C-alpha cells in the first residue's frame, strides 16, 4: 500500500559513532518489560506446536496402526490406520522432511513478509496438517498431514528464533531466546501427557486436532505485536522501525539502541553497496550478495559454529529418545511403565531448559553449552553400558540425566546463537540454512536409527557420544562469549585475530 513512498528520506553518516550510554532511561540499560515478554509468549505458540508435532506420535502409535483388540470400524473415520513398523516410520518421518522444506522457504518468505508475518503464515500448514491427520483414513493422508505440520514447524523454527532475537532487550536476549526451547519441550511433554490418556479410538484423532485451536488463537493475537526493528531498518523503513522499537521499549530512551541497530546495518551495507544511505531498499536489495558477504571475517567462523551446534542438536541422539523411547523401554519395563517413563522424560526436558533460563545469562553461553555437552557425552556412554549389561535402572537414570543435559544447553542455545551472531541482512539466509541442516539431520536419525540399532545395537549411542565430543572441541576453540553484548560489539570482537 505504498509503504516505501511514505518513508521519509534520512541519510545516516557511516562514520558516526554510537551515542554513549548516559541516560538512566536508556533502553540498553534495562532488561525486563511486559511488552517483550508478551510478544515472545505469543510468538512461541508456533514453536509449542512444533514440539507437540515431535512428541505426539509416540504414545498413540499402537492405537493408530494396530487396531487394539482386533476392532476395526470402516467408514469416513476408521478406528485405525493399519501399518507395519517400517510404514509407520515413514509416515512419522515425513515431518522432518517437511521441516527441511519449511526452513528453506523461510529464507525467502522472511525477507519478503517480515518475521512477524511469517510466524502468522506458518499457522496455515499447521491447521491444514493437523486437520488432515485427525480426519485421515489412509497412510497417505496421515503422511501428508505430517508433512504439512513439518512445513509449519520449519517455518516457525526460523521465524520465531529471528523474531525473538531481534525484539528482545540486550540484557534479556538469552532468557527470551531459551523460551523458544522451553516451548518446544513443553509441547513435547504436553503431547505425551495427553497421549497417555487419548491413546484409543477416537481419542487419537482428538489428540491431533488440539494444535489447531492454538494456531487460531495465535492468528488473532500476533497482528497486535510489534514488528522486528532490525528487519525494518534493513528495508530502509527507519521511522517505522523506530516506532516499533519504542513499542518494545515503553517509557525508555531508544536513541542509543536504535543507533546500534543502524550502525550494524551500515557496516553490512557499506561493504556491499559502498553507500551510507539506508533509505533506498530497492538499490540495497539489488546489490546485496549473501555469498560475497558470508565469506568475509568473522562470518565463516560464526557459520561453522552454528553448523556444528545445530547438527549436534540432532546427531547427539535426542530424537532416538523422543521418537523411540516407548519402544526402547517397553522391552525393559513393560508397556505401561514405558509410557509413564516417556511422559517423565518430557517433564525432565522442560525442567532442564527452565534451568537454562537462569544459567545462560548468569554463567554465559560458552560454559553452559560445554557443561551440557559433557553431561550428554558421559550419559550416552552410561546408556550404552546399562543396555549392554542389562542394568536397566542405570540405563533409565542415565537417560534422565541425558535429557537434562540436552535441555541445559544443546537444546536451546543453537536457536539463540544465530540471531546473536549475524546482522539482519544475513540472519534470514543463515538461520534458514543451519535450521534446514538441523531438520535434515533430524530426518537422517529418524530413518537410520532403527537400522543402526538393528546392526550394532546399543553401541549406536557411542556414535552419538562421539559427535557430541567433536562439537565440544569445536565450541571450545572457536566460540567467544556473547552474553550482554550488542551485535556490533560481537562482530568487532570476532574480527580480532585469535
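Every residue gets a Cβ built from N, Cα and C, even glycine.
As written in TrEMBL, here are the features:
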TRANSMEM  32-52  transmembrane segment
DOMAIN    39-483  domain 'Major facilitator superfamily (MFS) profile'
TRANSMEM  91-111  transmembrane segment
TRANSMEM  118-138  transmembrane segment
TRANSMEM  177-200  transmembrane segment
TRANSMEM  206-225  transmembrane segment
TRANSMEM  302-329  transmembrane segment
TRANSMEM  341-360  transmembrane segment
TRANSMEM  367-387  transmembrane segment
TRANSMEM  393-417  transmembrane segment
TRANSMEM  429-453  transmembrane segment
TRANSMEM  459-479  transmembrane segment
Spell out yes or no: are there three or more C-beta pairs under 8 angstroms between the transmembrane segment (91-111) and the transmembrane segment (32-52), with each pair 6 or more apart in sequence?
no
Over the span of the domain 'Major facilitator superfamily (MFS) profile' (39-483), how high is the average pLDDT in this prediction?
85
Report yes or no: does the transmembrane segment (393-417) come within contact of the transmembrane segment (177-200), defined as 3 or more CB pairs under 8 Å with a sequence separation of 6 or more?
yes
Between the transmembrane segment (177-200) and the transmembrane segment (118-138), do 3 or more CB pairs sit under 8 angstroms, pairs being 6 or more residues apart?
no
Sequence-remote partners of the transmembrane segment (177-200) [C-beta within less than 8 Å, at least six residues beyond its ends]:
40-41, 44-45, 47-56, 58-60, 62-63, 68, 160-161, 164-165, 168, 206-207, 210, 322, 339-340, 342-343, 345-347, 349-350, 352-354, 356-357, 360, 407, 411-413, 415-416, 419-420
Please indicate, using numbers and ranges, the residues of the same chain that are 6 or more beyond the transmembrane segment (206-225) and have a C-beta under 8 Å from a C-beta there.
38-39, 42-43, 45-46, 48-49, 52-53, 56, 60, 116, 119-120, 123, 126-127, 130-131, 133-134, 145, 149, 191, 194-195, 198-199
Thinking of Cβ pairs under 8 Å, which stretch from 32-52, 341-360, 459-479 has the most of them with the transmembrane segment (367-387)?
459-479
List, by number or range, the same-chain residues at least 6 past the transmembrane segment (459-479) whose CB is under 8 A from its CB atoms?
301, 304-305, 308-309, 311-312, 315-317, 320, 365-366, 369-370, 373-374, 376-377, 380-381, 383-384, 387-388, 410, 449, 452-453
Residues of the same chain, at least six outside the transmembrane segment (341-360), with any C-beta under 8 angstroms of its C-beta?
55, 58-59, 174-175, 177-179, 181-182, 185-186, 188-193, 196, 321, 325-326, 329, 333, 368, 396, 399-400, 403-409, 411-413, 416, 483
